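Below: the structure, in structure tokens.
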Amino acid sequence: MRASKANAYVAAIDQGTTSTRCIIIDDTGAVVSVAAKEHEQILPQQGWVEHDPVEIWDNVRAVVSQAMVAIDITPYEISSVGVTNQRETTVIWDPATGEPVYNAIVWQDTRTNEICRELAGEEGQQKWLDRTGLLINSYPAGPKIKWILDNVEGVRERAEKGELYFGTMDTWLLWNLTGGIRGDDGEEALHVTDVTNASRTLLMDIHTQQWDPELCEALDIPMSLLPEIKPSIGDYRSVRHRGILADVPITGVLGDQQAALFGQGGFKEGDTKNTYGTGLFLVMNTGPELKISEHGLLSTIAYQIEGQDPVYALEGSVSMGGSLVQWLRDSLQMIPTAPAIEEFARQVPDNGGVHIVPAFSGLFAPRWHPEARGVITGLTRFANRNHICRAVLEATAFQTREVVDAMARDAGKELESLRVDGAMVQNELLMQMQADILGIDVIRPGDIETTALGTAFAAGLGSGFFKDFDQIIELISIRQTWTPEMTEAERERAYDAWNEAVTHAYPR
């Protein structure tokens, strides 16, 4: 029989948009076990995206058990556990029964557009930006809460009586992990969130890290619904679920993009990462000073260690990244698989004058033009599939540059390099394009699944499993670095052509 060793590992639960994962790492930062399970995407009508919170909780239990069984360990051997999650996705439930009053409304869901238009018209964007760091749009949780209160029968009345809880997905999982309705030891389960998730609701004053009564009133949300806000890294409570991770301390909670920055070792002011997933998510550590963007970005909290002031960040999100490649594959059927785009794009030396502006749902950061629509410009009889494939990859790189330039203006200094992660960074042509279009080095780590890894690092820091940031940085390996090969003149000529193409996406 294998001898068990106390506190030899750290676990991380990564609850994402399409699946839930559990990873377990050792003290070298190596991932020793992984388990994952997808959940259903519920699409009741166009623009609506929902998840079943109960299914997700069931999947959490399943993947944690699978990851532990795979390496034959017990909770005794796990020092601590961290939780990361798809941000903004909204759940309201009855703590007396554990039953959600409605499906989780996912961050991608756009049903709250009309609520947001009315809110922006009444209050103006600047007030919300100055107070929360966010712009009023369909992403944050606040408008989703209001929609559930206004549209699900009986929910507003129950909320006003204090009978219901709201949470983003971290809050829902923490409540279940710490006992839920069972209360094995008679103690109430935690109803908490961390500052990074709270900062994505439109309800938290980013200056004080507390819920803002005036903002809650503007959205007509009872404050009794809201969880307690806690630092990202510190002592939450031990797991009180007999089935999984019994008595393991929860010591780290982060929203997914902040967790990815943590997993990249983005601890210094100016450190910046881009996650190339369904969309593109750029986050820059701006240090202890809050910077409210003047160039179309959002301000958020990168992380907070218990007993310390928060560390802030600038964020720019682009809606179309990997999803543009999926569109090429599934809707146009132009490529057989997503990875095949690189092979086709390499067949030509340039885009042949073709540009694709993927404003399928408008343009997001830093332009924020919801009425823009996707266009393909520069088509001639000379253009072929290879040129279009190249234009798709270039669109990803150009959109990233737009956000990077905005970050540099807000931060008052140029980026020295960009750290990258996510599935698309396996496309080496795209990464070279990115270095060329930015004019800086692009750095890919050894493990590109940095969201789960960053959560494990945060939990390990919170429990003392890892000593400090320096130790964590030593554990992060660099797999590859791309350096610019374009001249400055070539770079700016290409960027000017992109900007010209974007003008055709605007309504006339």
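The backbone N, Cα and C atoms fix where each Cβ goes, glycine too.
Annotated sn-glycerol 3-phosphate binding site per Swiss-Prot: THR17, ARG87, GLU88, TYR139, ASP256, in sequence order, evidence recorded as sequence analysis. Around TYR139 (sn-glycerol 3-phosphate binding site), a 10 Å sphere centred on its CB holds 24 further CB atoms from the protein chains shown.
What Swiss-Prot lists as ATP binding site is THR17, THR18, SER19, THR278, GLY322, GLN326, ALA423. DSSP gives THR17 (sn-glycerol 3-phosphate binding site) a coil state; it is part of no helix or strand. All protein chains considered, the CB of THR17 (sn-glycerol 3-phosphate binding site) has 19 other CB atoms within 10 Å.
Within its own chain, THR278 (ATP binding site) has THR17, GLY321, GLY322, SER323 as residues 6 or more apart in sequence whose C-beta sits under 8 angstroms from its own. Under DSSP, THR278 (ATP binding site) is assigned to coil, being neither helix nor strand in the three-state scheme. What Swiss-Prot lists as ADP binding site is THR17, ARG21, THR278, GLY322, ALA423, ASN427.
Sequence annotations record features per position, and here Swiss-Prot assigns glycerol binding site to ARG87, GLU88, TYR139, ASP256, GLN257. Within 10 Å of the C-beta atom of GLN257 (glycerol binding site) sit 26 other C-beta atoms, taking all shown protein chains into account.
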Roughly how many Å separate the Cα of GLN257 (glycerol binding site) from that of GLN326 (ATP binding site), to the nearest whole number? 22
About how far apart, in whole Å, are the alpha carbons (Cα) of TYR139 (sn-glycerol 3-phosphate binding site) and SER19 (ATP binding site)? 19
Largest pairwise Cα distance, Å, within the listed ADP binders THR17, ARG21, THR278, GLY322, ALA423, ASN427? 23
Listed binding-site residues SER19, ARG21, ALA423, ASN427, filtered to Cα within 10 Å of GLU88 (sn-glycerol 3-phosphate binding site): none
Taking only the CA atoms, the spacing between GLN326 (ATP binding site) and ASN427 (ADP binding site), expressed in whole angstrom, is 14
